[in-house]
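These features come from Swiss-Prot:
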| type | residues | note |
| --- | --- | --- |
| SIGNAL | 1-22 | signal peptide |
| CARBOHYD | Asn183 | N-linked glycosylation site |
| ACT_SITE | Glu210 | active site, proton donor |
| DISULFID | Cys290-Cys415 | disulfide bond |
| ACT_SITE | Glu308 | active site, nucleophile |
| DISULFID | Cys316-Cys342 | disulfide bond |
Amino acid sequence: MFVESAKKALLALSLLAASAQAVPRVRRQGASSSFDYKSQIVRGVNLGGWLVTEPWITPSLYDSTGGGAVDEWTLCQILGKDEAQAKLSSHWSSFITQSDFDRMAQAGLNHVRIPIGYWAVAPIDGEPYVSGQIDYLDQAVTWARAAGLKVLVDLHGAPGSQNGFDNSGHRGPIQWQQGDTVNQTMTAFDALARRYAQSDTVTAIEAVNEPNIPGGVNEDGLKNYYYGALADVQRLNPSTTLFMSDGFQPVESWNGFMQGSNVVMDTHHYQVFDTGLLSMSIDDHVKTACSLATQHTMQSDKPVVVGEWTGALTDCAKYLNGVGNAARYDGTYMSTTKYGDCTGKSTGSVADFSADEKANTRRYIEAQLEAYEMKSGWLFWTWKTEGAPGWDMQDLLANQLFPTSPTDRQYPHQCS
């Protein structure tokens, strides 16, 4: 079945290559673009909320519409093309700058994962999105090169939404794999691959972020798409790695699939979107993080990077559960049980945490660093917010709750 699927994917790619217009490529500097994900440890961070906006990362951008905007689709819809273009262009040019990349390097990081939506490279007629993000992604690659960082380009939003989350660009029903959406996604992926696969700084491209198999994404169809994405990258540059999301399935359940290929599994780990997890003690949070490594990532036959995780121990951050939704932690989300108070945890800085909260946050972060480096490494979510305590790496670093050197430990050997 998969052999036949691979043949179909290659045929589709040949048609893409024949019909596609020339796409500018990010220049090479003569250095190798490879990073050995089988032997080297990824230590990095995501640039969430920049080229794909999210209400909880930049709430002021969404609040400025006067209400009703719940994702980038509705943000652009409410503002209209001209105003959306102006607001988003201002955001892209100011939210992340070269100094951010310099600070990442100073923190000992070696990777940055940069989300981008399909509409930036393969817009679809009739949709409200605006484009222009790709120029900033090009600039980011230049900044990363200067800072000595490798880049993972992440296709974060797919046509129809691959997960129904606001981070896909369009909150609501999952319609990816309906109609022509998979082919449209491949067109977007191919545009990114042709632009970046031969860069000396982009070592990997992610096929699609968080396709939601429990939510209805067909796993066999997803695998077919992965075959096509791998063929595309390999055709352009065999040393460029394909990152594949586990689709919210146990990462070891993908064993045997594409084994031996230049691929890395991407798994995401949060302990705040489930009431059972929110009720745990700090000791249990640590044990849960460690068990992700021992029971799952270490059991994979491929490199595994924990591509998203957080220092937050609550879901209190404003709009984290979506505009219009409150928090499970304080019992205001639907009919959940109250576990604690969100005061001081919805907005602001970890500087305002109590001494115990600070200690628990540092301990939890260190446990995750230890656990995720037992396999192939990690990418923290996210580098910068407008004030989401526990989620903002810059804020955590400034307050010594994230190690200022990735190997520095105040709480060593928690997973031993």
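Sequential numbering from 1, following the chain as shown.
Glycine is no exception: its Cβ is also placed from the backbone N, Cα and C atoms.
Where Swiss-Prot records a feature, it is marked here on the structure.
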{"residue": "Asn183", "record": "N-linked glycosylation site", "Cβ within 10 Å": "14"}
{"residue": "Glu210", "record": "active site, proton donor", "Cβ within 10 Å": "25"}
{"residue": "Cys290", "record": "disulfide bond", "Cβ within 10 Å": "18"}
{"residue": "Glu308", "record": "active site, nucleophile", "Cβ within 10 Å": "23"}
{"residue": "Cys316", "record": "disulfide bond", "Cβ within 10 Å": "26"}
{"residue": "Cys342", "record": "disulfide bond", "Cβ within 10 Å": "20"}
{"residue": "Cys415", "record": "disulfide bond", "Cβ within 10 Å": "21"}
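Nearest to Cys342 (disulfide bond) in space, judged by Cα atoms and limited to the recorded positions Glu210, Cys290, Glu308, Cys415, is Glu308.
Ranking the recorded positions Asn183, Glu308, Cys316 by Cα distance from Cys415 (disulfide bond) puts Glu308 first. DSSP classifies Glu308 (active site, nucleophile) as strand under the three-state reduction. DSSP assigns Asn183 (N-linked glycosylation site) to a helix in the three-state reduction. The two recorded residues Asn183 (N-linked glycosylation site) and Cys290 (disulfide bond) have their Cα atoms spaced 39 Å from each other. For Glu308 (active site, nucleophile), the nearest neighbour among the listed recorded positions (Glu210, Cys290, Cys316), judged by C-alpha distance, is Glu210. DSSP gives Glu210 (active site, proton donor) a coil state; it is part of no helix or strand.
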